[in-house]
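Notes follow once the structure below has been shown.
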Ligand SMILES: C[S@@+](CC[C@H](N)C(=O)[O-])C[C@H]1O[C@@H](n2cnc3c(N)ncnc32)[C@H](O)[C@@H]1O
């Protein structure tokens, strides 16, 4: 394929930012020419303003000669801004095949720098995606590998939770070390990610993200800058994995405690704590949990600090050693039923032991955990 646009992109890729990009298609051209009626279910809100796409690429920091993976490139506007910063390789992962002609043109021009993967980011394996020589030890500096994306809103939060789990296990992209992310979210979600204890937007997502990553809401983009414009503004967030998470327990245990402790955000946290336990023992067990964790039961759930969550997870983990079935208990699920606990063959939760009047567990023992 040879066209003036292609030649121009070739020059750009060879010479980096000194060269001018061929103009992006206008929003209307894009929609008409390629019959891209933005698919709502794929959350296709395009960002075609070069100043803003450059700003997103810049927020990722120094990417020159590194490997970059862009999620959901669409017609390739952020892709171009990334290429201008001359990464060693850029891999784009796009689910919608209608964008392939745009991306293949950039690929051809990029002299093997750009690789296009048609696939769903939720199932793409990044374990072997990047160059071996970029690998770093976890406690060394961050590798020159970056994940960037104007993520589809519909997948952004589940994807982030999936990636936090990968970070906790140092797998997928994080088998290469502490790979950094620069991602967009609905502004409100971005605010939740960075919200401190006591903050208006503090929630489960804040605690999960901040346990494993240093997070920053870098800037906000008005919804009107997108085509078609979403109803909300968009926040650009950077996440850098921590060398050591604050709460070191298994991801699922942390997720369970954080989720349940955030059930009633504005209410006293004892109410939320009760949801970790089956109904017939929940009041006593919740008191015990907060006592072991040395958390004031009057604290509201949104006021809990990461340190308090750390103690709560330790205390819950300690209680689960005696009653492993607590790990499987799901608030509102089938195991909510008292019969589940009484009639299950492997009865490892002795209800009698949990009734009022039981002696408190030894706080000192929990401290030793
Ligand atoms: C919000 S648009 C952003 C497009 C482009 N990056 C931009 O900023 O103009 C989201 C893009 O992600 C793609 N996408 C949606 N779900 C995806 C998934 N699960 N995996 C990969 N790409 C996906 C959509 O097709 C769309 O191109």
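Just so you know, glycine gets a Cβ as well, placed from its N, Cα and C.
Curation does not apply to TrEMBL; its annotations are automatic.
Summarising the environment of residue 120 (S-adenosyl-L-methionine binding site), the number of other Cβ atoms within 10 Å of its Cβ, over all protein chains shown, is 10. Taken from TrEMBL, the feature S-adenosyl-L-methionine binding site covers 45, 47, 72, 94, 120, 150.
TrEMBL lists 52-243 with the feature domain 'Ribosomal RNA adenine methylase transferase N-terminal'.
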Self-check item: Sparsest Cβ surroundings (other CB atoms within 10 Å) among the binding-site residues 45, 150
Solution: 45
Self-check item: Those binding-site residues listed as 47, 72, 94, and which of them has the most Cβ atoms within 10 Å of its own Cβ
Solution: 94
